[in-house]
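Straight from Swiss-Prot, the features:
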{"type": "DISULFID", "residues": "37-40", "note": "disulfide bond"}
{"type": "DISULFID", "residues": "99-104", "note": "disulfide bond"}
{"type": "TRANSMEM", "residues": "8-27", "note": "transmembrane segment"}
{"type": "TRANSMEM", "residues": "42-61", "note": "transmembrane segment"}
{"type": "TRANSMEM", "residues": "68-85", "note": "transmembrane segment"}
{"type": "TRANSMEM", "residues": "113-135", "note": "transmembrane segment"}
């Protein structure tokens, strides 16, 4: 497979991940009526613009976006990892008790004993970061 095709598929995959993450986030808050905590809002702030940015980049085949999406997705992943640690690691849970109106330790979902909303966001951010890295490496 050619370099440009790899870049194209990686960029499209990153956009798809951001689109699915945004739809999932909106589903949980608007349909299921799960109120987001403060850290969830920060994750949304980092995730939602990717749908627009990466969508435009896919349409224009502008692979330069990867230079910007990699660090932004990495920051979002760090926030998600911290939020996940607050939920799952006892040493971090004390920090989440006073997170805001909704405690960051709350787990609206807990599929298979480990998949929570911050975990899903973490997977989305990691997918975007890895795809951005692939785009950069194939320049």
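Quick reminder: no glycine exception, Cβ is built from N, Cα and C everywhere.
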Chain-internal residues near residue 40 (disulfide bond), provided their CB is under 8 angstroms and they sit 6+ positions away: 25, 83, 104, 117, 118, 121
Coarse DSSP state, helix versus strand versus coil, of residue 40 (disulfide bond): helix
Pairwise Cα distance for residue 99 (disulfide bond)/residue 37 (disulfide bond) [Å, integer]: 7
Least buried by Cβ count (within 10 Å) of the disulfide-bonded residues 37, 99, 104: 99
Assigned element (helix, strand, coil) containing residue 104 (disulfide bond), judged by DSSP: coil
